[in-house]
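Novice: My questions will all concern the structure given below.
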Amino acid sequence: MATVPEPTSEMMSYYYSDNENDLFFEADGPRKMKCCFQDLNNSSLKDEGIQLHISHQLQNKSLRHFVSVVVALEKLKKISLPCSQPLQDDDLKNVFCCIFEEEPIVCEVYDDDAFVCDAPLQSLDCKFRDKNQKSLVLYNSYELRALHLNGSSVNQQAVFRMSFLQGDENSNKIPVALCIKEKNLYLSCVMKDGKPTLQLEMLDPRVYPKKKMEKRFVFNKTEVKKILEFESSQFPNWYISTSKAEAMPVFLGNTKGGQDITDFTMEFSS
């Protein structure tokens, strides 16, 4: 990256004239005169060639004017030019390396997995039923079951807190974490006996949920016409599933249709 020093008032007053086209300067001081340089050590007064013009007046000139002056002076110090040839833009290109100092550009590389968005974590409280209208109920503290509820038994239905996690905004799959509210029991996917298995884990409410959850807690939610599916992020193509039979455990399955139900409806809970 090229850097140019800021012009001081003394330099500005020394180098600039009132006429914008007078970007010519003499080497002998602040008197207004014109001088032609045939050689760095041998100058003579002529009416052609590169000329320097000095002015006492301080003007609010742009950086472009100042750079033009500096470039011209550096050119005169290092290179002699025939008076018969006017100074061209191409003549200044070779001088830039003498005036500008290159600085390295340091690019910091970030790990996408370590980056966490500053936006607050969003969540909602809800209840789920499978497409056969079976509700999800917490059974024996650490097991979810799906069964039909009637009358007062409806209160047994588990209330979930669904937290929306950081993920790919361009994907139609929304990463979420599912927690049984007031129990801090999170649905997670682990490998047991060589098979992906759904289980409940109790987590510290002071730490969880967080924007970047461990992969076993992440489910990719898809929704089509208010029908939801929850695919395990840890085990792709494995879904939260229920059996068509009554009061069976909720499990992780990789079969859509048949005896496995992977479609759910959701209702908000106050």
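Here the Cβ of each residue, glycine as well, is placed from N, Cα and C on the backbone.
Pasting the feature list from Swiss-Prot:
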type	residues	note
SITE	LYS173	site 'Important for interaction with integrin'
SITE	LYS181	site 'Important for interaction with integrin'
SITE	LYS183	site 'Important for interaction with integrin'
SITE	LYS192	site 'Important for interaction with integrin'
Novice: Have a look at the recorded sites (LYS173, LYS183, LYS192) and report the one with the fewest Cβ neighbours inside 10 Å.
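Specialist: Fewest other Cβ atoms within 10 Å, among the recorded sites LYS173, LYS183, LYS192, is found for LYS192.
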Novice: Among all protein chains shown, how many Cβ atoms are found within 10 Å of the Cβ of LYS181 (site 'Important for interaction with integrin'), not counting that one?
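Specialist: Step by step: centre on the Cβ of LYS181 (site 'Important for interaction with integrin'), count other Cβ atoms within 10 Å, giving 16.
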Novice: If you run the three-state DSSP split on LYS173 (site 'Important for interaction with integrin'), which class comes out?
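Specialist: Note: LYS173 (site 'Important for interaction with integrin') is coil by DSSP, not helix or strand.
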Novice: What is the interatomic distance between the Cα atoms of LYS192 (site 'Important for interaction with integrin') and LYS173 (site 'Important for interaction with integrin'), given in whole Å?
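Specialist: That separation, Cα to Cα, works out to 26 Å.
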Novice: Could you say whether, by DSSP, LYS192 (site 'Important for interaction with integrin') belongs to a helix, a strand or a coil region?
Specialist: strand
